[in-house]
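Lifted from TrEMBL, the feature list:
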BINDING   77, 80, 199, 202, 204  chlorophyll a binding site
BINDING   82  chlorophyll b binding site
SIGNAL    1-15  signal peptide
């Protein structure tokens, strides 16, 4: 059943891929307008095209311009999509008992890896949870503080390089979080644009996927496809907040 669900999700991802004849506007690398969003919408989903029932593309936030507000929304979607993709894969891996080997605290305890992924999180010592939360908070602070801000003409979704901001991070960091394996090096602008659209689509699908797992764990039968596949969870997903 798990393999069938995973296969169906992979098929759904392929359905979200960009059509080869449609490309988003290159102006999306900086401050975008509503017209640029329409071009991106057509590239990401030629069937649905542009869809904005809440008219977010015409609003302004924090007293900023419309273009800066659009950049804020784009940054939020890309970031949450990436987190959701990591969460979805992590959920599938941890649900099958795969984790880092060896003890995970100074006491040598590994019992926290029993149960479903949220139960594994609940079993972690508070000190371990705070390490994770503070590290993520540091990454968030650095991405907002270094380089040209995405609301001021920077590229939404691009994580600054540590090596270029030694005033903020004086210690050497051996990799670039935006592209740690250099996969985009040497790629043409067209391929990079296509990759961005694919990332956005897959991130959207991952957000639906991880919330589907969470919904089924809290309300049995909420997601019929996952009924009997994921276990019920009596805890509180929002406890860390």
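Just so you know, glycine gets a Cβ as well, placed from its N, Cα and C.
Taking the Cβ of residue 77 (chlorophyll a binding site) as reference, residues of its chain lying under 8 Å away and at least six apart in sequence are, in sequence order, 200, 203, 204.
Cα separation, residue 199 (chlorophyll a binding site) to residue 82 (chlorophyll b binding site), rounded: 8 Å. Comparing residue 82 (chlorophyll b binding site) with residue 202 (chlorophyll a binding site), their Cα atoms are 9 Å apart once rounded. Sorted by the number of other CB atoms within 10 A, the binding-site residues 80, 204 start with 80, the lowest. Cβ proximity to the chlorophyll a site centre (mean Cβ of 77, 80, 199, 202, 204, cutoff 8 Å) flags the following additional same-chain residues: 78, 81, 82, 84, 85, 200, 201, 203, 205, 206, 207. The record assigns 77, 80, 199, 202, 204 to the chlorophyll a binding site, and the maximum Cα to Cα distance across that set is 11 Å. Just so you know, the Cβ of residue 202 (chlorophyll a binding site) picks up 20 other Cβ atoms within 10 Å once every protein chain is counted.
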